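Shown next, in structure tokens, is the structure this report addresses.
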Amino acid sequence: MTLSSSQSSPPSSQNLKRKQQTISSFFTKRAPTAEKRSNDLEDGRATTQKGAEMPLRETTGDQDDLVDDEDGDIVVRAPKRVKTNRVDPENGFGRNVTRGPDPPSSSSQRTNLCKFASSPADDAGIEKADDPEARQRQLEREKLHKLFVKKLGGADCLIGIGRNATTEAPSGTEEVAEGDEDDESAPPPRSKGKGASKKGGSKLTPLEKQVIEIKRKHMDTVLVIEVGYKFRFFGEDARIAAKELSIVCIPGKMRFDEHPSEAHLDRFASASIPVHRLHVHVKRLVSAGYKVGVVRQLETAALKAVGDNRNAPFSRKLTNLYTKGTYVDDVEGLDGATPAASGGASPATGYMLCITETNAKGWGNDEKVHVGIVAVQPNTGDIIYDDFEDGFMRSEVEARLLHIAPCELVIVGELSKATEKLVQHLSGSKLNTFGDKVRVDRVAKKKTAVAESHSHVANFYAAKLKAANTADDAPASNLLQKVLNLPEQVTVCLSAMIEHLTEYGLEHIFELTKYFQHFSSRSHMLLNANTLVSLEIYQNQTDHSAKGSLFWTLDRTQTRFGQRLLRKWVGRPLLDKERLEERVNAVEELKSPDRTVQVERLKILLGRIKSDLEKNLIRIYYGKCTRPELLTVLQTLQTIAQEYVDVKTPEDSGFTSPILGEAIARVPSILEDVVKFLNKINMHAARNDDKYEFFRESEETEGISEHKCGIASVEHELEEHRSVAAGILKWPKVTYVTSSGIEYLIEVENTAAAIKRVPASWVKVSGTKKLSRFHTPEVIQLLRQRDQHKEALAAACDQAFAALLAEIATNYQSFRDSVQSLATLDCLLSLAAIASQPGYVKPEYTDQTCIHVEQGRHPMVEQLLLDSYVPNDIDLDSDRTRALLVTGPNMGGKSSYVRQIALIAIMAQIGSYVPARSAKLGMLDAVFTRMGAFDNMLAGESTFMVELSETADILKQATPRSLVILDELGRGTSTHDGVAIAQAVLDYMVRTIRSLTLFITHYQHLSNMAQSFPNHELRNVHMRFTESGSGKDEEITFLYEVGEGVAHRSYGLNVARLANLPAPLLEVARQKSSELEERIRRRRLAGLRADVGGLMEDPAKGDEDFFQRLISNAEQL
């Protein structure tokens, strides 16, 4: 073959001729003669004739060439690129070559150089074809040509490059092929004259115009767009999807603003996912922190074909929006429901928290801010609100964020710098729900925000009450009044959350005003942020997982909703003595051997609940429940209610505890409603998610019945048509067949006699070598009618199902109350399982502020240790000893001892048994801790600054009914300053605040303070140990027992030895320590000698304080 032009004569310029010669010399060893070119021409013509005899290969998946005509039939547009089978003249096998439309009359120089034909002018002087040398040279040229074509990727690839503005690129063809039959596109662009090309590439398809229109309204959203049987991403969304979902992104334009940098690109970048995997991928995108929108087609192909807009693209609309907090379309949610008992992460709360604040007063360390919060859990329907003042440390805000653990934040207005830094720190830390960055949305706050918010909330609830016809109902009016009386900052947050959730279609949750809860209710013990972390309430401090936390220790629940309720109990211990006694008495009854039968019955019942009923019910309330899920929920509720159908009153439950009796009696009250709904459902169809047979025949709506009759009528006509078809073919009878999913086909043998009888109007659908399959025009028309009825039936079934969900939603509160009763029973059974362990005792409650525990143990360490835990006593009373100064060697167990005391107090006020021989406790209103050393670089605060700031916060909030734990206060500065601060704080705690206090220190000088309290309000205790050996052979044995008195040494060198510091270093440290101790001993001895000498000179100095100081100095020697 020879490279020349077949469409136009070669240019006459000498430069172009040189270029042609240069390229020809690249492909051939020497220039061919005219005779050889003639041989090439004949071979080329032969090849072309062979190729023309080959059938065209059909393109698959390219639906851009299909459009709907006015009758709804599919017609074919002009092809963009057609693949043909060409036969290689050398080896005889076909190869795929992409052929474009006929090129324009004028071609570029580069294009002309790469076309394969001959010019009539070259016919003269042709060499004979049988010349062996010519034939050899021809084979070599063709071999080089094949290598060249293989390198470029196609025989006419340079033609495509030369006509980039008028010809679809191969990647574009692949992209369209990846789509489905509903991927509407514009006709292939025609050849454009000079200046006719549009900036930004080829003309946008109708689908792309639709995508841009929707995207411009939702620029902050990753859009997943339904296109036929796939969901597709476009532009920047495709890049994000490819990154997060590990799918292929077809290159193209990323931006939606026709940016000049992308003018050379013809199409948007795209990626696709199958329809049935939509929610799997949406969950992954939402979990990664993205806001995801699902755009669906609002019409089907069959209904569109008979509609007024059959020639327009499919109508599409944004139907769903999802973020972390609003994803309720899957009952599993985003947390994967890893049980905490297995040592996984703490269960996700799924709260969305709205926060706003105003500057109340002060500046710097005296700054006070007024904060309002509203936290909503769309998965369960819970709503928490609070209004409070907070200091410059923002400890109150931090405590609420750690308690609620939101997965999404909505910030109204501007936050102060301190609050903003705290939010940023916690939202990016592992302390949040999902262990990754929390999504943050911001809402502007107007100057008239309070008035506008109050009006918005009032109108919202007034409209809801009017729609429910309960405006004159006294309970409904009281609930409305309760909402309207919320504090101003809470109302601002509530209004913002209503508006925010309206965008996601979840505003109905605020109609459930029964589930509004105040966070700071004084009916619960206050556990601030430091306490939650230091005492490891929800997460351990090692790897931040649930294993090793108090919640992990107490969690023996069998249901998801029971686990969530127990988490609330753990974080909010009770202050009401009567409620506590009721709860702990219920636990005692459940562990009693006399109630074994009833308890086993309860355990079996709860063990049969496999679904998360609380989340299922809220999904029904939102109208997002699936048919199999609805059947499971109703059958589970029926099973639960029937288990206790004979229980009419709490006394019939078999338990004497009021909590247990009332919870069990509430369960069967829903049985009548559940059975009523189940009687409407066809169980088998619901289990198989068959929407068409979901309702029993007597419960079907008029629309469903009408379209079912229409389908039956069409199918009857199809059967009647068999006789007509048999008469045309002159057969006794005709039998329909189904092939590849296509129904009502008539098979005719491929014989001349049989085919002759087939009318020309019959459409051949498929066939084999022996037979052909046809559709008659009547069958095509009837099938089209049947498809229309089927799609209308599907819409009617969906509408009826939505109406059923709305009817069930009217019973939401009664169903939810029954599920809450089950959750309470589950939590009590969990606490009973803990109480049944050896060494646990029922706590005794008193109105006094005291902690009297005999042989108490650390609840978590005891379960994690292989060896037995050493128990210890504690005796604190506000009227006697209310503070302990704890000293002892490093690693002696001081911190574990004080944590143990706090944890026992918290467990007791949860209503749990405690690990001790006996326990008598008063009602503590809070537990405050100041433990550990860390700085706050975000706020520019040093370790010592953080330490003192937290201490100041405790001094402001602590009451005589609080338990305060201070660990090594004052160690972040010099010894003299540290001792002074520690002594002043301890004295203030004991004398002024009068809290129960546990003070850990290595400052032995503080032990002298106990002598200034004659009634033993402060007492010295230490962690016991034994010494053996001396010098470098000295060894310390920790006994982990609490003894009276003071430990005068901390034995830090022993810890250094256990840490495997180098022996030479330890020897130097021991020598320096001995020298320092000797120097201090001599100073004290000199001071003691001086005091004794002064006393002998002037006996009048010997008052009581003098002799106490003298005795203390002598003891320290």
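Our numbering is plain: 1 for the first residue shown, then up by one each step along the chain.
Cβ coordinates are placed from backbone N, Cα and C, and glycine is handled just like the others.
Copied over from Swiss-Prot, here are the features:
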BINDING   G888, P889, N890, M891, G892, G893, K894, S895  ATP binding site
COMPBIAS  1-14  compositional bias 'Low complexity'
COMPBIAS  32-45  compositional bias 'Basic and acidic residues'
COMPBIAS  61-73  compositional bias 'Acidic residues'
COMPBIAS  125-135  compositional bias 'Basic and acidic residues'
COMPBIAS  175-185  compositional bias 'Acidic residues'
REGION    1-135  region 'Disordered'
REGION    165-203  region 'Disordered'
REGION    198-325  region 'Mispair-binding domain'
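The average per-residue pLDDT of the prediction over the region 'Mispair-binding domain' (198-325) is 85, rounded to a whole number.
In sequence order, M1023, F1025, F1038, Y1040, A1047 constitute the residues six or more apart from G892 (ATP binding site) in its chain with CB-CB distances below 8 Å. Residues M1023, F1038 surround the recorded ATP site, their Cβ atoms falling within 8 Å of the Cβ centroid of G888, P889, N890, M891, G892, G893, K894, S895, which are themselves excluded. Helix, strand and coil counts under DSSP for the region 'Mispair-binding domain' (198-325) come to 43 helix, 32 strand, 53 coil. For P889 (ATP binding site), other Cβ atoms within 10 Å of its Cβ number 22. Using a 10 Å Cβ-Cβ cutoff, M891 (ATP binding site) registers 19 neighbours. S895 (ATP binding site) has a Cβ environment of 17 other Cβ atoms inside 10 Å. Under a cutoff of 8 A between CB atoms, and with a sequence separation of 6+ in the same chain, the neighbours of K894 (ATP binding site) are V886, T887, G888, D967, I1000, M1023.
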